[in-house]
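**Q** So that we are looking at the same thing, I have put the structure below in structure tokens.
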Amino acid sequence: MDLYESRYFIINKSLCSIIGLWPYDSILKRHTRKIFPALWVFAFIVPHGIGAVVNQDDIDRFMEHICLIIFLFLIFVKYITAVLTEGKMILVFNDIVDNMEYITDAEEKKILEHYSERGRYVTLVYLFYILNVGVCFTLLPLMPLLWNMLHPDAEPYPRLFLMNGEFLVNRENHYWKIYIWDLLTTFIPGFIVIGVDTTFAACVEHCVGVFEVNRKRLESIVQSDDQTTTDSVDSDAAYSRVCDIVRLHQRAIRFTDTLENAYSQCFLILMLGNMLLMPLLCVMIIMNNNRKIHLIRYAILYTGCAFHLFYISLAGQRIIDYSSNLFYYAYNNEWYTTSSKTKNILRLFMIRCTDPCMLTAGKLMNMSMETFYSVMKTAVSYITVISSFRAG
């Protein structure tokens, strides 16, 4: 489709196509590309599963492996969920095209293009963030090697492993092979996260743009050329504009519902997983307080989890804010000069706006900043319990 070849969506299309999630690619191309990341991410979990079994008597190593298993498993589930909801994403992408064609006014098209540009900006920022964090994370194990090269007379630092998995071989003799495997462990899941999350952001910005178009329409329900010498209003003109607003609002609601159906299950698993993973990572940070490189490594993972949770919660909050604010824009115009039938339909419109559109995690919790704060608070409260368990 021409829209997805434009500057606004070409990055999202390319990222999804790389990991086999672009629904308009050929069936053979999609299925071939899906096998590779799914098998790789699953294979990355195996060394840590072995490590958890081998080191079950060493609580520190055991928790380290459990943290990484959960982290990789969440990415694996994110990808599998995206594969299973491919049919729903086709509906999302089709709705975006339909909305762009439905809105023909030049000024309104500029609004949609503005928010599409915002989606592109968010995509670039998120891509830059993930890649830079990945590079910093993968360079950490090389710091002791660099120190040993620069200070040959000093006591050498032991080699560090990026993911510290268990391969049932002499790890020192196969250091660089393991390091390359760990590099793949970092960047292949990273591309999955980037592809899925940036596409979600682009869809949310389009949804917000549709609500913003409706806001502009609400501000111009009553126009100067509607006025007559008796200050009455041509009710047919105002009524027609309100009907157009209602139709566009129904499109926005339908688009939000489609987006909700596509991401709801994934959000539920991610929220529950983060509530379990983030306290464990906090404990790992505490446990490695005297091992600076390990501390930095787990701090990066913790920050990544918190940022990702913030990212999807903020997107959900934007939909809530933009959809609920239509109530105030509907009220703050010259509705009192319109006909009774226009007032009645505006009243129904305002009642609907009191129930804002929102994304949920499995219909159990709303994706909003309030939920983000609640999850962060819960995650932090678990630290004391897990730390006490470790001390015992």
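Backbone N, Cα and C atoms are what each Cβ position is placed from, and that goes for glycine too.
This is the feature table in TrEMBL:
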- 36-56: transmembrane segment (TRANSMEM)
- 62-81: transmembrane segment (TRANSMEM)
- 124-147: transmembrane segment (TRANSMEM)
- 262-287: transmembrane segment (TRANSMEM)
- 299-320: transmembrane segment (TRANSMEM)
**Q** List, by number or range, the same-chain residues at least 6 past the transmembrane segment (36-56) whose CB is under 8 A from its CB atoms?
**A** 19-20, 62, 64-66, 68-69, 72-73, 75-76, 79-80, 83, 163-168, 184-185, 188-189, 191-192
**Q** List, by number or range, the same-chain residues at least 6 past the transmembrane segment (62-81) whose CB is under 8 A from its CB atoms?
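**A** Hits for the transmembrane segment (62-81): 19, 37-38, 41-42, 44-45, 48-49, 51-52, 55-56, 163-166, 185, 189, 192-193, 196, 265-266, 269-270, 273-274, 276-277, 280-281, 283-284, 287, 298, 301, 305, 390.
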